[in-house]
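Enquirer: Once you've had a glance at the structure underneath, I'll fire off some questions.
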Amino acid sequence: MKIGIIAYQGSFEEHFLQLKRAFDKLSLNGEIISIKIPKDLKGVDGVIIPGGESTTIGLVAKRLGLLDELKEKITSGLPVLGTCAGAIMLAKEVSDAKVGKTSQPLIGTMNISVIRNYYGRQKESFEAIVDLSKIGKDKAHVVFIRAPAIAKVWGKAQSLAELNGVTVFAEENNMLATTFHPELSDTTSIHEYFLHLVKG
């Protein structure tokens with residue numbers, strides 16, 4: 001199994017480590033690679049889009065030709081996990097809590113509406129307990145950093161976890177989106193769930 005992590009910025013190194021732990025926990029053999037240009041996608045079984053600055057990631061991916069390639073592969077069924085900025089990238093609808101509608105480059109394959117900076121810029125980061133029982137896991141201690149919120153899900157998209165009534169983890173077919181940073185959590189639950197999705 002080969003998993004690629006978009007490695008322009010953000011906590012991609014932490015995703016590497018968390019993914020390795022998840023592979024070990026599930027007794028799976030896996031290869032983890034960095035993805036920066038379209039040819040890096042060759043032969044990957046799943047992709048992680050980490051946190052960072054969603055507009056920057058989108059612009060760089062577009063300039064290097066990766067954005068369209070990702071969209072095509074994800075639409076064709078390539079499993080993907082988008083965390084924080086990655087969740088924004090996957091959303092079909094994006095707005096900003098302060099400035100409203102945005103025109104940033106997106107992959108835009110998932111039936112979710114995301115609000116950037118939902119918790120306000122002054123609340124840069126916070127930690128919370130999230131119930132992961134819908135994926136057969138225990139509650140998890142997770143980290144939110146300038147987090148967005150999934151304001152709406154529709155079609156085949158469904159909410160897998162909420163915090164104070166707001167969706168923080170959603171799934172649609174081959175796509176997973178979290179508004180928190182599972183790579184900074186003390187549990188590998190989200191990465192394990194992603195690997196099960198990749199494994200089929």
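Glycine is treated like the rest: Cβ placed from N, Cα and C.
Here's the feature list from Swiss-Prot:
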BINDING   GLY52, GLU53, SER54, ARG116, ILE145, ARG146  L-glutamine binding site
ACT_SITE  CYS84  active site, nucleophile
ACT_SITE  HIS181  active site, charge relay system
ACT_SITE  GLU183  active site, charge relay system
Enquirer: Whole-number Å only: compute the distance from the Cα of SER54 (L-glutamine binding site) to the Cα of the residue listed as 'active site, nucleophile'.
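Expert: Spelling it out, the Cα of SER54 (L-glutamine binding site) and the Cα of the residue listed as 'active site, nucleophile' are 8 Å apart.
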Enquirer: Which of GLU53, ARG116, ILE145, GLU183 (the recorded positions) has the most other Cβ atoms within 10 Å?
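Expert: Counting Cβ neighbours within 10 Å, the top one is GLU183.
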Enquirer: Which value in Å gives the longest Cα to Cα span across the L-glutamine site residues GLY52, GLU53, SER54, ARG116, ILE145, ARG146 as recorded?
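Expert: The L-glutamine-binding residues span at most 13 Å between Cα atoms.
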Enquirer: Anything within 10 Å of HIS181 (active site, charge relay system)? Look among the recorded positions GLU53, CYS84, ARG116, comparing CA atoms, and list what you find.
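Expert: Of GLU53, CYS84, ARG116, within range: CYS84.
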Enquirer: At a 10 Å cut-off from the C-beta of SER54 (L-glutamine binding site), count the other C-beta atoms across all protein chains.
Expert: 26
Enquirer: To the nearest whole angstrom, what is the C-alpha distance linking GLU53 (L-glutamine binding site) and CYS84 (active site, nucleophile)?
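Expert: For GLU53 (L-glutamine binding site) versus CYS84 (active site, nucleophile), the Cα atoms are 9 Å apart.
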Enquirer: Work out how many Å separate the residue listed as 'active site, nucleophile' and GLY52 (L-glutamine binding site) at their Cα atoms, rounded off.
Expert: 8
Enquirer: Note the Cβ centroid of GLY52, GLU53, SER54, ARG116, ILE145, ARG146, the recorded L-glutamine site, then list each other residue of that chain whose Cβ lies within 8 Å of it, in sequence.
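Expert: Nearby residues not in the site list: GLY10, GLY51, CYS84, ALA85, ILE88, PRO148.
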